[in-house]
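Encoded as structure tokens, the structure appears first; notes follow it.
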Amino acid sequence: MITQFRRLLLVGGPLLIGVWFLLPAGLERNALYVGVGALSVAANAVAARHWRSWPWALFAAGQACAVVGDLLWIYYENIAFIDPFPSPADGFYLAEYPLLTAALLLLSRRHRTADDHLARLDSTMLVAGLALPYWVLLIAPALQSGDSTLGTLIALGYPLGDVLLLGGVVRLLVVSGARNPSFRLVTAAVLTLLIADVTFTFAEDTTLGTMAFLASYLLWGVGALLPSAGTIGDPAPRPQVLTRLRLAALTGAVLLSPGILIVQLVAGLEPSTWAVALTSAALFVLVVTRMAGMVRRLEEQAGQLADQARLLDELARTDSLTGLPNRRTLDAQLVRDMAATRAGHRPLPVAILDLDHFKHYNDTRGHQAGDDLLAGAGMSWSLLLRDGDTLARYGGEEFVLLMPGRTEDDAARLLDRLRIATPDLQSFSAGLALWDGTEPPDELLRRADRALYAAKEAGRGRVVRAAEIGASG
């Protein structure tokens, strides 16, 4: 049903507008105009029922008010031959604006993001800037028209309704949301309706304005019947950014106030001093608030980037399994410890620890048990260390322990305590080397590694000092 209805509007809608244009002014032409509006109302009602959507229901209600207003206008003008302004028809026309605006605001609320306050500021700036021409060209003249009170109020209602509708569509355009075909058609329909209102107000020949109203009906009806109508209000996973188009629009909105004043002065017209001054002041406050919001956002992003940098630095320096410093961190720490102990004339013993029979443990109990042993050993050993000691995972089941300031005997006793503290009744072999104060880091580690090899050869579960095996190993 929806597909057939959509085809009817796509094919029949432009034909109906063409027929309307060819018909002479009169009741038949007006009846055709109302028929196009009724089709749009029906399409929006179908979308509201199919998608269970309040926005589409409000669109349908707003357009229904416009169609009823058209019927009353036609009755007064073509049947009763009464001036239709002001009349109950205007009440229905004016009721259209809050209903359509409410639908647009409902859609924009479904697009809410963390940057919603910035979008709200942008839309307020755009509406404030664009409302000034409405005041100068439409609202102020209506106040000075000399019509009856009712006529003046109704005349004011139309430009105010346009400003209200403009605010709704601008709000929808600046928030992050799905830019699907239905969204584009509804946006085009609203903008066409606004153009139609302005054209209908200023043009002597109402044909162009009426055709714009018909085009708005058609765009709205087709948009309601597209498959994307159900997702028109869904948020889009894209960041809220200040695009060049939005920046240009905001700049234009801000420059409208001085631009209008300049045009009035050049043309010799009475300047709208108060309106321009108040609008400019409001825009100035909004721009400053927008800038403050951007600064806060940049500060938040800078903080997030700093946190991420710290996290990445921590990950780069830490072994993911044990939480201990990794080999890269160990190498840097060893260089620092060498410089500090040389300057303080203190000893620097270094040990390489290797869990005994770890491969057998890993194969018989499973890799998870092996990982748990590595992590548990690192945690248990760390509890026995003092400030200044550095325990790092060297690779596989090997660990390196830097003990600046300890004597070689003190370091050996510490290694014995660590071996007893190894979880799950496991043990390790260790090679211990005392830095001679001149050798490079790789040579110091090489001597400790040779001592570790000697400890394994001697039966494991023990500490062997590099000095015990001689410089040649």
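Cβ atoms here come from the backbone N, Cα and C positions, even for glycine.
Annotations in TrEMBL come from automatic prediction, not curation.
Pulled from TrEMBL, these are the features on record:
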TRANSMEM  7-25  transmembrane segment
TRANSMEM  31-49  transmembrane segment
TRANSMEM  56-76  transmembrane segment
TRANSMEM  91-109  transmembrane segment
TRANSMEM  121-143  transmembrane segment
TRANSMEM  149-173  transmembrane segment
TRANSMEM  185-202  transmembrane segment
TRANSMEM  208-226  transmembrane segment
TRANSMEM  247-267  transmembrane segment
TRANSMEM  273-292  transmembrane segment
DOMAIN    346-468  domain 'GGDEF'
State, in range form, which of 56-76, 91-109, 185-202, 273-292 has the highest count of Cβ pairs under 8 Å to the transmembrane segment (149-173).
91-109
By a Cβ-Cβ criterion of under 8 Å, what residues six or more beyond either terminus of the transmembrane segment (121-143) are in contact with it?
152, 155-156, 158-160, 162-163, 166-167, 170-171, 173-174, 201, 246, 249-250, 252-254, 256-257, 260, 264, 272, 275-276, 279, 282-283, 286-287, 289-290, 293
Other than its close neighbours in sequence, what residues sit by the transmembrane segment (185-202), given a CB gap under 8 Å and a spacing of at least six beyond its ends?
59, 100, 104, 138, 158-159, 162, 165-166, 168-169, 172-173, 208-210, 212-213, 215-217, 219-220, 222-223, 226, 232
Within the domain 'GGDEF' (346-468) only, compute the mean pLDDT.
95
Between the transmembrane segment (208-226) and the transmembrane segment (56-76), do 3 or more CB pairs sit under 8 angstroms, pairs being 6 or more residues apart?
yes
Kindly say whether the transmembrane segment (31-49) and the transmembrane segment (208-226) touch, using the definition of 3 or more Cβ pairs under 8 Å where each pair is 6 or more positions apart.
yes
Tally the residues of the domain 'GGDEF' (346-468) by DSSP class, grouping H, G and I as helix, E and B as strand, and everything else as coil.
60 helix, 28 strand, 35 coil
